[in-house]
Structures are given as structure tokens and as C-alpha cells.
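Presented below is the structure to which this report refers.
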Amino acid sequence: MRHRKNIAIAADKDYIEVSNSFDKEEKRIPMSNLFSSSKRVFVLCLAIRMVNSLLVQTYFNPDEHWQALEVAHHITFGYGHLTWEWEKGIRSYLHPVLFSLLYKVLAVFHLDTPWLMVRAPRLLQSVLSAIGDLYLYKLSQVMFGEHVAQWALFSQLTNWFMFFCITRTLSNSLETVLTLVGLYYWPSMRVSPSEVPLVSRKWGLVVAALACAIRPTSAITWVYVGFLELFLTRHRLKFIFLEVVPIGVLVLALVCLLDRLMYGLWVLVPLNFLKFNFLSSGGDYYGTHKWHWYFTQGFSVMLFTFLPFSIAGIMLSKQWKLSGLVAWVLGLYSLLGHKEFRFVLPVLPIALMFSGYSLAKIRRPRSSDGEKKGPISICTRCPSNMQLAVFFLLATNLPMAFYMSLVHQRGTEDVMNYLSKEAHNGRVKSILFLTPCHATPYYSTLHRNLPMRFLDCSPREEEGSLDESDQFLMDPVGFASEFAKNWSLPSHIVLFDSQEKLLKDFLVLHSFHEIRRFFHAHFKVDRDLQASVAVYALEGQ
């Protein structure tokens with residue numbers, strides 16, 4: 001009898017442990033074939049991201065072209081426009097060099113065709129993005145278990161903003177990937193830091209240093225993680241002097257050496273970046289937002305309909321270290337005047353991980369006696385509440401993702417693809433862009449060393465003075481008339497329909513006629529509606 005009683009007590013203890021610890025129970029769930037190995041997960045993510053990269057055909061942010069591909073094109077082919085940031089030394093060449101190597105391979109094998117010059121960089125980014133997806137899955141797995149990891153990956157792959165942005169060649173996209181990889185290796189971010197080998201932390205430090213080298217503002221993330229590690233570790237002095245300092249100095253030295261080679265002189269990019277963006281508020285030149293913008297608009301729009309699921313996941317999981325990281329990053333970025341969606345992209349996957357947690361909770365129904373049943377495969381029939389949740393998320397995110405990636409603001413991409421093919425066939429001699437500055441891709445898409453001119457918008461030394469782009473938008477006719485007095489007559493002019501209406505007489509007077517028009521947008525973003533992009537050619541072209 002005593003033996004049976006002990007067995008019953010042990011069984012009760014096991015039941016209580018499983019019932020009261022969702023995370024521990026989930027870690028014992030057998031994996032489905034699709035998720036049976038990291039390799040399978042990566043192949044799945046890679047296939048989705050490659051299709052994702054081919055579907056992204058719209059213009060989002062100038063830096064995707066002007067701070068990455070344009071610089072890489074200049075490195076590889078010897079021509080391409082370097083913006084004022086490269087003159088002031090506030091950008092590292094570490095990120096563009098990745099794409100310059102890709103361009104070099106294309107050139108060596110004579111594959112630098114118009115189509116591949118546009119698509120190959122995003123396909124490369126899709127490989128990097130798939131690595132980020134894999135590490136989100138792995139991080140979710142060690143934090144919450146296999147079942148949550150599957151739903152976190154579902155959230156990551158179906159969120160509209162991740163689909164829209166992660167395969168673009170922005171430094172923020174690579175920063176996001178490195179953030180996910182780095183967090184996976186940091187012991188302080190785990191549920192049980194003591195179970196993680198110390199060598200893992202060194203890998204985390206290397207990745208964090210690389211992220212900061214590519215985007216110095218990534219230090220906002222790693223300061224939080226570093227101080228958390230410092231608080232939790234037993235060997236603080238060893239952590240600081242035998243890991244942080246040597247690894248940080250080594251990576252900084254290697255990046256400085258690369259920049260010395262590319263710039264031709266010694267440049268300390270993080271210091272220049274800090275001076276311009278923080279000490280002098282140089283970023284405010286490109287516009288400012290209210291302090292609460294990330295909370296009330298920016299990050300909320302990025303999460304979109306995943307927002308309530310993410311909030312629920314934070315409350316249910318009680319993983320305050322990870323949710324604290326999201327709050328810390330949003331809070332510090334809110335102190336800066338200039339705000340953009342892409343700046344907080346690195347913590348979007350963390351918020352989506354919490355969404356996966358709440359979805360996994362919904363996914364596991366209760367039996368009639370109140371006990372949670374075992375998990376059901378994602379591919380099998382779902383309970384009605386899960387069907388509604390999945391349908392709601394897919395029905396709201398996928399149309400948004402496809403519209404923003406295939407329709408909204410695609411004209412400026414289409415016009416450069418068209419001009420690239422025309423230039424390839426010898427039908428373009430020179431181009432003038434009478435548009436707001438950096439509104440289109442440039443030499444990295446045209447891939448022909450032809451004279452081109454756009455309206456400059458570099459920050460002015462004199463406060464209140466207008467750049468060329470602002471002058472043109474204020475008085476298109478007056479600016480164009482004055483500009484034409486000293487121009488070399490271009491063979492083609494590119495402009496938006498909103499300015500085209502005002503410049504009709506000017507274009508006719510100088511013997512230009514419309515040859516192509518491309519749809520651009522259904523609604524305005526930060527200026528008047530730019531519904532279409534027109535291409536005008538000189539008579540006889």
C-alpha cells in the first residue's frame with residue numbers, strides 16, 4: 001500500500017509540474033517532420049524568403065539603394081554616386097562590401113544583366129533573412145519550447161512589415177538578422193543563463209560588435225543585453241576585461257582597417273556617427289516626430305493585427321527580460337527627434353515571438369475535464385478559436401504585404417528598370433531627375449556610366465537655407481527655368497505627375513515629349529500625391 005501511495009504522490013507531482021508549467025511541457029513535445037531539424041526549418045525559411053524577395057518590387061526608403069547598392073556599385077565598377085554621408089565618414093563600408101562582392105561575382109561571369117543587377121542583391125538578402133528566421137525559431141525554442149517556436153515562426157513569416165522590409169538591402173535588415181543571432185547566444189537572455197556554456201557568450205559578443213559596426217545605433221540594444229549579463233554573471237571582471245574589451249577592440253580594429261582601405265584615410269565611423277546624429281541632432285534635418293510616435297503609430301503599424309497577440313504573449317509568458325528589451329529600444333529611440341519605421345525593425349521579431357506564444361496557448365484546447373490536450377499538428381483541423389485567429393491574421397497581413405510590396409510606390413523602381421534596359425540598348429544618353437532627391441534608384445540599377453543629375457538635398461551649414469530639392473518643390477517652374485540656363489541638355493527627364501502638370505510648357509519649350517508613364521501610388525505619403533512617374537525624351541531620341 002505504501003508503495004502504491006508513493007507512486008500516486010509521484011504521479012500527482014508530475015501532473016502538477018506539467019499543468020502549472022506551460023513552457024516546460026512544451027519542450028517535451030515531439031517535433032513534426034517539417035520541424036524535425038534546423039536544416040529543414042532553414043530550407044523552409046529560405047524558400048519563402050527567396051519568393052518574398054522576388055515579390056518586393058516597390059520603393060520604400062532611399063538608403064536601400066543609396067547607402068548600400070550605390071556604394072557597392074561604386075566599389076566594384078568604379079562609378080556610382082556617394083552621398084554626403086560618405087564624404088563626412090559617418091558610414092562604414094562593412095555593409096556595402098557584402099554587395100560589392102556579389103557584384104564582382106556577377107561581373108566575372110558576365111551575369112551583370114539588368115534583371116540580375118536588380119534581383120541578385122535582394123536574393124542575397126533573402127539568404128541572410130532566412131538565417132534570421134531560423135534564429136528566431138531557435139531562440140523561441142530554447143525560451144518557450146518547440147510548439148511556441150513554430151507559431152513564432154508563423155508570426156514572423158506572415159507579418160506584413162517583415163515581408164515588406166526584411167529582404168530589402170537596408171543595413172537595418174542585416175542589423176535585425178544579427179540581433180536575432182546574437183540574442184540566441186547571450187546567456188542573459190535565456191530562462192536559465194547558467195545552463196549556457198560561456199563560449200556561447202563570446203559568439204554573442206562578436207555578433208553584437210558586428211551589428212554595432214554596421215549600425216552604431218545597434219548599441220542601444222546591446223547596452224541593455226550587456227548590463228543584464230553583467231548583473232547576472234558571477235565573473236564580472238572576466239566578462240569585462242577578458243571578453244568585452246578584447247572582442248570589441250578586435251572587431252573595431254578590423255572594421256577601422258577596412259574603412260581605412262576604402263576611405264583612403266583613418267576614419268572612426270562610430271564617433272562621426274555619434275557626433276552627427278546625437279550631439280548635433282543632424283538627423284532632425286530629415287524631419288521629426290512626437291516623442292510617442294513609435295508607441296502610438298510606428299511600432300503599432302509594424303505589428304499591425306499581431307499587436308493584441310503580442311501584448312497577450314508578454315503578459316502570459318512573463319518573460320520580462322525580452323519584453324524589457326523591446327520597451328528599452330522603443331523608449332530610447334523615442335528620445336531622438338528623427339524617427340523611422342526601420343530604426344526599430346530589430347525588435348519587431350521579439351514582439352512577434354510573444355505573438356507566437358499567445359497563439360500557441362490558443363492552439364492547445366482543453367478536454368472536458370479541464371486538462372490540456374496534447375498538441376495537434378498545424379496542418380490538421382484547428383479548433384474554431386484558432387481558425388478565427390489564423391484567418392484574421394492572414395486576412396489582414398497578407399493583402400497588406402502584397403499591396404505594399406507589389407503596388408504602393410512601385411513607379412520609381414519601374415522607371416529605372418525601364419531606363420536600364422533602354423540604356424543597355426543605347427537609347428539613353430543622359431538623364432535629369434526633376435524629382436525630390438533620392439526618389440529613385442540610381443547607377444546600381446541603370447548599370448551604365450552615363451551622365452545623370454538629381455536635385456541635391458545634403459544638410460546645409462546655414463540654418464534655414466533651402467536645398468535644391470526644397471527649392472524645386474516650392475517653385476518647380478522658376479527653379480527649372482533658372483536651372484536650364486546652365487544645363488547640359490539631357491536626353492531624358494524623369495518627374496512625378498504632380499510637378500509635370502506645372503512644367504508642361506517648360507518641357508514643350510525645350511522640345512521634350514512624353515514617352516512612358518508608370519503608376520506609382522494611390523495615396524500620398526509625406527508629400528502631395530505622386531500618382532505616376534513620367535519619362536520625357538528629347539525630340540529625336
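Glycine is treated like the rest: Cβ placed from N, Cα and C.
It is 291-313, from the ranges 38-60, 291-313, that TrEMBL records as transmembrane segment. Counting C-beta pairs under 8 angstroms (sequence separation of 6 or more), the transmembrane segment (205-227) reaches the transmembrane segment (320-337) with 3 or more such pairs. Proximity of distant same-chain residues to the transmembrane segment (291-313), defined by a Cβ-Cβ separation under 8 Å and at least 6 residues beyond the stretch ends, is recorded for 155, 159-161, 330, 333-335, 339-341, 344-345, 348, 351-359, 389, 392-393, 396-397, 400. Among the recorded stretches 160-185, 239-258, 320-337, the one sharing the largest number of Cβ pairs closer than 8 Å with the transmembrane segment (343-360) is 160-185.
Remote same-chain partners of the transmembrane segment (320-337), defined as residues 6 or more beyond its termini with a Cβ less than 8 Å from a stretch Cβ, comprise 143, 188-189, 217, 220-221, 224-225, 228, 277-278, 281, 283-284, 288-289, 291-295, 299, 314, 343-344, 346-347, 350-351, 353-354.
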